[in-house]
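Engineer: Dropping the structure in here first, questions after.
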Amino acid sequence: MGKSAHPGQPFRRLAVMLGLPPETPLMQIQAAYIEAKENGTAHPPRILDRADAPCKQNMWVGDQIDLNKIPAPLAHDGDGGRYLQTAGLNITQTPDGRWTNWSTNRAVSSTPRP
């Protein structure tokens, strides 16, 4: 997890993830993490109804799907398309399950539909 872009709060995301104030210093974040792990007092998940989940607010299905709507960069003039994924982990497996490949690849959109 990278540092926060907020000046003076470099570990803001870690702090908030643990239910701490955003300005919590790293050593206090570390102590809270260790305590939660050892005592089983981890910050409980917030269960949402599907209709209220932020990740479900903008959904495209069927003919609504258009990858050109996603703000993906065209990094260089000679690129084959716009990069939807620049450092993604892909895990693929052969149909018979005998081989699994883990790789880091870039994903380029070549058409508006998947």
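The backbone N, Cα and C atoms fix where each Cβ goes, glycine too.
Residues or ranges marked as domain '3-octaprenyl-4-hydroxybenzoate carboxy-lyase-like Rift-related' in TrEMBL: 48-108. Feature annotation from TrEMBL assigns region 'Disordered' to 95-114.
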Engineer: Counting by DSSP secondary structure, give me helix, strand and coil numbers for the region 'Disordered' (95-114).
Structural biologist: 0 helix, 10 strand, 10 coil
Engineer: Grab the pLDDT values for the domain '3-octaprenyl-4-hydroxybenzoate carboxy-lyase-like Rift-related' (48-108) and give me their mean, rounded.
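Structural biologist: Summarising the domain '3-octaprenyl-4-hydroxybenzoate carboxy-lyase-like Rift-related' (48-108) by its mean pLDDT gives 86.
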